[in-house]
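A.B. asks: The structure under discussion is supplied below as structure tokens; questions concerning it will follow.
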Amino acid sequence: MESSSPSSAEFDVFLSFRGFDTRNNFTGHLQKALRLRGIDSFIDDRLRRGDNLTALFDRIEKSKIAIIVFSTNYANSAWCLRELVKILECRNSNQQLVVPIFYKVDKSDVEKQRNSFAVPFKLPELTFPGVTPEEISSWKAALASASNILGYVVKEISTSEAKLVDEIAVDTFKKLNDLAPSGNEGLVGIESRLKNLEKLLSWEDLDTVHIIGIVGMVGIGKTTLADCLYGRMRGQFDGSCFLTNIRENSGRSGLESLLQKLFSTVLNDRDLEIGAPGNAHERFERRLKSKRLLIVLDDVNDEKQIRYLMGHCKWYQGGSRIIITTRDSKLIETIKGRKYVLPKLNDREALKLFSLNAFSNSFPLKEFEGLTNMVLDYAKGHPLALKVLGSDLCERDDLYWEAKLDRLKSRSHGDIYEVLETSYEELTTEQKNVFLDIACFFRSENVDYVTSLLNSHGVDVSGVVKDLVDKCLITLSDNRIEMHDMLQTMAKEISLKVETIGIRDCRWLSRHGNQCQWHIRLWDSEDICDLLTEGLGTDKIRGIFLDTSKLRAMRLSAKAFQGMYNLKYLKIYDSHCSRGCEAEFKLHLRRGLSFLPNELTYLHWHGYPLQSIPLDFDPKNLVDLKLPHSQLEEIWDDEKDVGMLKWVDLSHSINLRQCLGLANAHNLERLNLEGCTSLKKLPSTINCLEKLIYLNLRDCTSLRSLPKGIKTQSLQTLILSGCSSLKKFPLISENVEVLLLDGTVIKSLPESIQTFRRLALLNLKNCKKLKHLSSDLYKLKCLQELILSGCSQLEVFPEIKEDMESLEILLMDDTSITEMPKMMHLSNIKTFSLCGTSSHVSVSMFFMPPTLGCSRLTDLYLSRCSLYKLPDNIGGLSSLQSLCLSGNNIENLPESFNQLNNLKWFDLKFCKMLKSLPVLPQNLQYLDAHECESLETLANPLTPLTVGERIHSMFIFSNCYKLNQDAQASLVGHARIKSQLMANASAKRYYRGFVPEPLVGICYPATEIPSWFCHQRLGRSLEIPLPPHWCDINFVGLALSVVVSFKDYEDSAKRFSVKCCGNFENKDSSFTRFDFTLAGWNEPCGSLSHESRKLTSDHVFMGYNSCFLVKNVHGESNSCCYTKASFEFYVTDDETRKKIETCEVIKCGMSLMYVPEDDDCMLLKKTNIVQLSLKSGPSCSYDLDDVMDDVRPKRGLCQFVGGEEPGCKRRKEEKITVR
């Protein structure tokens, strides 16, 4: 007999029992319980009568589980005993599962053949005539063996026999599930989703009926998930039923037939007649409550279906579970069920599912990786799309793939379209219109904005939008409406009805448009141009979005929009033009425009070419009017009904003289007149705009005054920036939150400013005439940001008598303030800037105790303010992250400076009196000491080091010509050790990425690369052969260095980097390329230095980088596949990415970094490269032995152009130790 595993067996359960004892009681009940759970159990009645032992043994061999019911007379039957021997043979050879049940017999009696199990063997020749002694011995051994298998015991007096039968049946079902192949191999991601779903089902709760709704868009896998759960769990219930595809089946055969099927299945009664369906649940309540049920209602789309089929929870036994799959989450909310929103596949799962279908593998073929990514981007984790497209593209060439992907940009795949369209067909007419409008025109827009636009004739569509969300056709993300790309493509196809109409046949559309039963939405530029130039509009056209970016200039008739009486959305724009750019007029209306539809709710026309809007246009339905960069001189010359208007944007309409006609815009919320340079005044009726929230008058340079008191109480944002003719600030609403007055010529703020209780941002930057601030400034309790930079006549800052606990940003650069007030209660200040003051300003106020001062200060800018000393207690600024002291007269830093443990960015540029630097904070990432021309000495170490070092850092000492040799050696040595500690720490964390920025970078004035760089060359490029086993497990990175010659270089961009392009070449001439940065500077936008950086001499730039990328290519083996490396260096301004020609790399060098070896560590200690001071206090948290344990010098071939470089000593194995 061939052995086989239980999982490959054909049948479920074989029952071995003594019929005389248990056929009509225990075994009969057990077989029924198994059958109820869909388990095929075999009883050998027929085979006994035919005495067909061979067929019986064949059935035993092909069963997954054998259940043996030992009863009083079991051992009296030779047939049973032969079954038992065969079962145990299969257990040994096929790993068949065996479950013994000791039915009212003692387990030890079976094992030792005592009592009723001893009787048959006392006179075997009488009990078993013709049976050999050898076979009888095998029976005894089988009884003894079987009795030692874990099983069930039914005692003589048992009141819970029925419960035990159910327990055995459930356990058998579980065992069969464990034995069977999962069937989920192709169902990627199913296990994690099953796990999440089971948490909601609360299996342990046996007192409550739980209803769970699996919700998701069509094709996302709801039915598949429910089916997997049903197959796995149904055996644990007394009854179960899976009603598939209720949406379709209820229409075909009716709900009554589905209810009949449900009841007959869960009650296990094929002949059941439910009678009148109205009260069927009540009639069968007793029977329903007698069983724990598992019911799945699949693809439900109507609440009536749930109520009809499920009834009420009170009619079911506690512990029952009802699972509903639906596209409409609102249905689950209505019946108070729990929702499980089925997520799309993540990137890894999507790649696997697609690859299984397209390549019969878990990963794509290498040559199809790019095309595969395009498919994944299209499908966005949708299982149905991934399977359909994978099957379609399987075994196709790349040309077919490219053609298919190109078609998918505008056309759905047929099989996908058919499934998706079912969701659309279920919508009401109003829901369809809203869905198509969103898909064609308003995807990714703010939900409140879209709702306002789509409201038609006073009908609120917010409920419709919610319905579409509930039906999984759209989603809300950050309050914006989104949808799956495939749904949008389907919607556009439905809207165009390309195959039915032939939209490009404009004449047909004009003649037969009245036969169309749908609204037309147009966005194809060619179609729209044909329509407009020939004046063939129809009242079926609902929306036009015309992108002019690819159009040539064209003339339009004055009647271009004639006949489009139901046009609601009109947008003419240039997708290549940013919001602020001046429009190129491509649509010319030489004879003006005689008609615009009165149904317009949305009118956007970037660069509207006319001086006015058609006189006959009635804007009663207009909600959004955007005509930026237009030629308008006025909107309309008389008052019109604009009660629906909410948004108006006429920005950069340089000919606009007045904006009358908005007096009746009682719902207007936003008015943007930015850049309307001809606008001299606003109408007084602006005070009638009771809902106005936002008013932008930026750069209205002719605007001299505002209406007396803009008292509209709703105004939150007022922008007057750049209104250079505005001399007086009027009274405005006290509810304003953002007030921008920068660039105006106002001389003062009104005393009533204190009443602006909600003001959060006040910008007075470059108000050159402003001389004083209100003494009650501190009463602005909500003020978060105050900008006074450039107020050159402002001499006094008022006292802050009470804590302004909301104020976080205070900028006072380039003012005439000579003294700071004694009282400055700013407990929450985070950013303070006082750059460019001419006097000696005291900054002691910033270093108060945490309870009074600025313990939360993170950014402090004090450049060019004549500071000569910092307070000794500066270390108390525990939150400080950025500090700018450039251009001051500081000679040294206080000892407490290294207590600034959160300091990351430190700017000391142009501190020309600074002579030395102490130990700096441990977490410092960026230090810029450019042109500290008196700087001679540096602390050693410059920052504390730790064995687990992780802080990347860049130290710039350009133009520090007095930096002595010890300081340079200390800087280089510190950078070396820090970088190796970091690289080693990364290796220990099993980091396998590649960081394009340096672990440590430094720059200082010098003409030579340090001698321990064993690979050096003149010029900007370097090529070296790599020694065998160079990339062993201890390799951690590269050290790179260059000398850059500057020829009167001036860095106006404040960005500069030395870059390297590296190539590691394989034996087969293939190579791996990567780019990274050695060192440089990139001044943050918060840097307020006015001086540009000038360099005229040679400087050394050095960078250390972890380079695990080369390991990724060939793994961790000691056999390195790279045999040659080359490096090319260049400099760039980091803004334009162009190389700087006035800077030249004249020398370059490279060394390899490794985890240390013992002999290297000892030698490094002896050479004493860097004297690591251990007397820097508690912040210097490392021991020299610890450092040496983690540091090993660079090694490699000691090569130099023209011979060995002095200072490099060659070791036997061609590895060197740096001295």
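Quick reminder: no glycine exception, Cβ is built from N, Cα and C everywhere.
Not measured: the values here are computed from a predicted model.
Straight from Swiss-Prot, here's the annotation block:
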DOMAIN    9-176  domain 'TIR'
DOMAIN    197-446  domain 'NB-ARC'
BINDING   Gly216, Met217, Val218, Gly219, Ile220, Gly221, Lys222  ATP binding site
REPEAT    468-493  repeat 'LRR 1'
REPEAT    538-563  repeat 'LRR 2'
REPEAT    597-619  repeat 'LRR 3'
REPEAT    620-642  repeat 'LRR 4'
REPEAT    665-689  repeat 'LRR 5'
REPEAT    690-713  repeat 'LRR 6'
REPEAT    733-757  repeat 'LRR 7'
REPEAT    759-780  repeat 'LRR 8'
REPEAT    804-827  repeat 'LRR 9'
REPEAT    854-877  repeat 'LRR 10'
REPEAT    878-899  repeat 'LRR 11'
A.B. asks: Go through Val218, Ile220, our binding-site residues, and report the one whose Cβ sees the most other Cβ atoms within 10 Å.
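C.D. replies: Buried the deepest by this measure is Ile220.
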A.B. asks: DSSP-wise, what's the residue breakdown of the repeat 'LRR 4' (620-642) into helix, strand and coil?
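C.D. replies: Taking each residue of the repeat 'LRR 4' (620-642) in turn, the totals are 2 helix, 3 strand, 18 coil.
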A.B. asks: Report, as a single number, how many Cβ atoms besides its own are within 10 Å of the Cβ of Gly221 (ATP binding site).
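C.D. replies: There are 25 of them.
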A.B. asks: State the non-local partners of the repeat 'LRR 7' (733-757) in its own chain: residues 6+ outside its ends, Cβ under 8 Å from one of its Cβ atoms.
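C.D. replies: Contacts with the repeat 'LRR 7' (733-757): 698, 710-727, 763-774, 776-777, 779-782, 787.
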A.B. asks: Given the model, what does the mean pLDDT over the repeat 'LRR 7' (733-757) come out as?
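C.D. replies: Mean pLDDT across the repeat 'LRR 7' (733-757) comes out at 89.
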A.B. asks: Which number gives the other C-beta atoms within 10 angstroms of the C-beta of Met217 (ATP binding site), all protein chains shown included?
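C.D. replies: So the number of other Cβ atoms within 10 Å of Met217 (ATP binding site) is 23.
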A.B. asks: Give the sequence-ordered set of same-chain residues, not counting Gly216, Met217, Val218, Gly219, Ile220, Gly221, Lys222, with Cβ within 8 Å of the centre of the Cβ atoms defining the ATP site.
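C.D. replies: Neighbours found: Arg327, Leu342, His382, Pro383, Leu384, Cys472.
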A.B. asks: Using a Cβ cut-off under 8 Å and a sequence separation of 6 or more, which residues in the same chain sit near Gly216 (ATP binding site)?
C.D. replies: Lys222, Arg327, Val341, Leu342, Pro343, Cys472
A.B. asks: Could you say whether, by DSSP, Lys222 (ATP binding site) belongs to a helix, a strand or a coil region?
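C.D. replies: The three-state answer is helix.
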A.B. asks: Counting only residues 6+ apart in the same chain, whose Cβ is under 8 Å from the Cβ of Gly219 (ATP binding site)?
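C.D. replies: Long-range Cβ contacts: His382, Pro383, Leu384, Ala385, Ile416, Val419, Leu420.
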A.B. asks: Measure the Cβ-based neighbour count of Lys222 (ATP binding site), defined as the other Cβ atoms within 10 Å of its Cβ.
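C.D. replies: Other Cβ atoms found within 10 Å: 24.
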A.B. asks: DSSP says what for the repeat 'LRR 3' (597-619): how many helix, strand, coil residues?
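C.D. replies: Split into helix, strand and coil, the repeat 'LRR 3' (597-619) gives 1 helix, 4 strand, 18 coil.
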A.B. asks: Does DSSP put Met217 (ATP binding site) in a helix, in a strand, or in coil?
C.D. replies: coil
